[in-house]
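Please read the structure below before turning to the comments.
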């Protein structure tokens, strides 16, 4: 590791600054972190050219950032270094203050500062960017867990989990969503089928089909792709699905259990948001949370999961509704919106969320993109619900 951090190498300075700037030291195991710290110190001291070193502190621990500037010129911290220190401090402390930077001579002992957050308000907006949460990568973690669960079920001589999807009409978006779900199911070892009904199917015919699927012991999970044609009551259809097979979590029994904090099927999109928060290590305790959207299938369950009262909700479903001036510095922004707009550059249709991504990412500490954020996590949680339903059926 020492040779990678040598300032004599062409990329030596970049590596040293990157280690300090991105807080990589603090994310390492303690033994490795100490080794890296020692290497950074030796690197700054052992160079043949007099180097000045600046030690920065934050509430996550003391950072050593070797600026590698010849003595005689003030060692100025790079904007990205100060910005990253500040954004990480804000995540923990919720506020920012200016931190004094000690600049001892190269041979001096390391000073021990009391950790305090730093201010990056002076830096350019481009350098204060949020850490992008990749729902695609998190979904891969969940996929591995699901594959393991499916293997365990099969090793115990149980039936392979099976997902049945009822698709009504010819809406392109709905067909695309269903195709993605069944494709993911196949990749995870979950069998599936799609039952397609015409737009003019009657509500009675649809309810009869749902009842048939409820009584089929081979079906572990059942969902009816929404939205439905106007002549069909979505609430009646959602309530017709057996609660133990309701992988969408829309049945009134599952919604009620969720509100009472009882074990139940959690709707896939709210479950995806909650899983993103947990797996990213974002602390929500004592924080003010804004849920932009009043829908019963997304906004309400998210509010229940976060234990908020929903009094500050705003309607969603508008491209780039949430702008940079509406977001607090260091906030965590998880975008559930899916909107199709025309790309002015290519003329093609593209997906965007309810958040102005490029503007908000300059102020937020974490942000999910669209696509590639909540979407793949939603499908992953749907598969997880299917396996959960398969396990439940073993006790019925």
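Note: Cβ is positioned from N, Cα and C throughout, glycine not excepted.
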Select from 70-121, 122-173 the stretch of residues annotated by TrEMBL as region 'Disordered'.
70-121
Summarise the model's confidence over the domain 'Tetrahydrofolate dehydrogenase/cyclohydrolase NAD(P)-binding' (317-391) as a mean pLDDT value.
90
